[in-house]
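Engineer: The active site feature in Swiss-Prot is assigned to 53, 71. As annotated by Swiss-Prot, disulfide bond applies to 24-145, 48-133, 83-99, 95-113. Residues annotated as domain 'C-type lysozyme' in Swiss-Prot: 19-147. The signal peptide annotation in Swiss-Prot covers 1-18 and rests on similarity to another entry.
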């Protein structure tokens, strides 16, 4: 019985943690999903962005008290403007997606929303990109990856 309880907690912790991508695995996935060069943004810039936003973690969340909103998933997409979490006041839901879908291990919906955001606002919509990637050599983010 104890073994079943421990096993249950183990599965629960894996489900809560989500998927943390390895850098090159994420590079290949983002390329496959069409982000390399999308709206002029290089794959290396997307990798830099996701490193600083979520450390490549699909389940990352960050609550923003000032706007009463939360950033979700590998791209840290905000519930005030882009997704619906059912609790953010006056949310816009610009991507027409549930915020929980942005935290799935299959990141296709998160990528689709990121494409929508970059199409409307550019890569500068992400504060982490402006702080850590803009005007930096980001080539190391894809260095050594077989793409």
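In case you wondered, yes, glycine gets a Cβ from its N, Cα and C as well.
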Engineer: Which has the fewest other Cβ atoms within 10 Å: 113, 145, the disulfide-bonded residues listed?
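Structural biologist: Checked 113, 145; of these disulfide-bonded residues, fewest Cβ neighbours within 10 Å: 145.
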Engineer: Which residue counts does DSSP give the domain 'C-type lysozyme' (19-147) for helix, strand and coil?
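Structural biologist: Split by secondary structure, the domain 'C-type lysozyme' (19-147) comes out as 56 helix, 14 strand, 59 coil.
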Engineer: Do you know offhand how many angstrom separate residue 53 (active site) and residue 71 (active site) by C-alpha?
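Structural biologist: If we compare the Cα positions of residue 53 (active site) and residue 71 (active site), the gap is 9 Å.
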Engineer: Find the one among the recorded positions 24, 48, 71, 83, 145 whose C-alpha lies closest to that of residue 95 (disulfide bond).
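Structural biologist: If we rank 24, 48, 71, 83, 145 by Cα distance to residue 95 (disulfide bond), first place goes to 83.
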Engineer: What are the non-local neighbours of residue 83 (disulfide bond), defined as same-chain residues 6+ apart in sequence with CB under 8 A from its CB?
Structural biologist: 72, 77, 91, 93, 95, 97, 98, 99, 101, 102, 113
Engineer: By the count of other Cβ atoms within 10 Å, pick out the sparsest of the disulfide-bonded residues 24, 48, 95, 99, 133.
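Structural biologist: Taking 24, 48, 95, 99, 133 as the disulfide-bonded residues, the minimal 10 Å Cβ count falls on 24.
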Engineer: Can you tell me the CA-to-CA distance separating residue 24 (disulfide bond) and residue 48 (disulfide bond), as a whole number of Å?
Structural biologist: 12
